[in-house]
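Q: Pasting the relevant annotations from TrEMBL:
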ACT_SITE  2  active site, nucleophile
ACT_SITE  609  active site, for Fru-6P isomerization activity
DOMAIN    2-223  domain 'Glutamine amidotransferase type-2'
DOMAIN    292-433  domain 'SIS'
DOMAIN    463-604  domain 'SIS'
Ligand code: F6R
């Protein structure tokens, strides 16, 4: 989720790189760096914090040159420090590299490197060193060859850009799973290229771009641009004319960040599980847990602390830990946790869930749990955030920057990590290899199934349009879909300002059903799981009160269609994985209702993205 910029041409590279970094800051902003080839030598400057801090550090230094690369970082491996900032280097400053993505096998590669002088804790530095190791100074085509030789050795994802002090007319770019775009400069006689991780920094200079596809390597040479496909064949790529303005480009063409982030989910979900699956053993591998199997077996209770959407992810974690690992699990709203007397001791494992990693209530809960002797682990999105640091160990969910106030992709990725943890604990207890394999295969199918739901977004928009003027809503679910009802209800409240309540369907008859009337619609999550029949009875009770019912059902469920005023289908998956899919129509429904009502989608009233007050 970091940002890459590169330039090669006749203009001064530095202002282009710095301007580009500013345009990309929305993607990640914990540190930034530039490298420019100035009179045969590469000058590199890096700084933590915003791009402005980098500009300040550069100060009055004269850096002249027409070739350069730059990066703004959203940390994944290693904390927020200058040595961890890009560009990374090899060959005593001769080679510089910027990289987005995750190199899964970097630890193995690191052992094999001849040059063992590492300045950072990052996977990206290993990539730089490996390319340099494969470089042959005697061969003038070697920069391209070295990159091509390195990529098959690497497992993971990358969008990368490499420069070399002895190659003043050349940049090499490659992409696998992490986007890169090449802008073709306007003046054909003065060849020039702008490279970036999205089109935003390129737009002020040119609208003509070529998008690299996965597996492609580009030799961006002043003598001409050459692109090779995964089979190393030279290919002719089309040029696309970009009509977006800068703001639209940052949102990848979507109307706002919330919609972009909803549609980001299939891709970032893959980042949450990448490198964390051991199919052979039917288990998960989450290094951040930092516990021996013996210590894991000694855990007798799990407590999850979180707020808002993160707490609903936590409730799904509770179902997973209890079902797969037989460990009694409680979910505590962080703001309540430290004001009661939670039963916690050294056999309790506390998970603190937080997208921002800065939520004060959750931070206080972390401190309280540590004081009482619990083992605390964080599950957080923002690397190096306070909760991640204070918990001491934990796992990042790799959702990338979440900018819309309403949390969407962080929810799915938190659930993904919790499921992996539950499986890892479960495999040390009674979960069989076959069950583990089934769960993991199910997880691997989730992105494809998410895409199928997203492809039907326009249908959900029509439904939202029909219901947007009702002042009240009920969200109903049972079992694992009860937290989903709460999450759906919260999404609707916060984005559209419509009053809504979530109930476990079986509880309605104990009071709340009195509210039902034709003016009080109900959204029922009724996917085919072990509580399907029970959920059906709940929906019948609602229909008997003449409320309108929107049903989220499993594809092919004709009965559900007959019971519903409106139906939204989702693909079948294992019950424990249902929330990963069911959340998408709930997010889209809330989103389109809010759009229909003309709400401020990314910044709903009275809310803040990071709640650092009690
Ligand atoms: C809802 C939402 C909030 C957050 C909550 C916790 O869409 O975004 O409910 O989930 O404020 O925030 P984090 O996860 O940053 O601790």
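Cβ atoms are placed via backbone N, Cα and C, with glycine included.
Automated prediction, rather than curation, is the source of TrEMBL annotations.
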Q: Looking only at the domain 'SIS' (463-604), how are its residues distributed among DSSP helix, strand and coil?
A: 72 helix, 27 strand, 43 coil
Q: How big is the Cα-to-Cα gap, in Å, between the residue listed as 'active site, for Fru-6P isomerization activity' and the residue listed as 'active site, nucleophile'?
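A: For the residue listed as 'active site, for Fru-6P isomerization activity' versus the residue listed as 'active site, nucleophile', the Cα atoms are 20 Å apart.
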Q: Can you tell me how many other Cβ atoms are located within 10 Å of the Cβ belonging to residue 609 (active site, for Fru-6P isomerization activity)?
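A: Here the count is 15.
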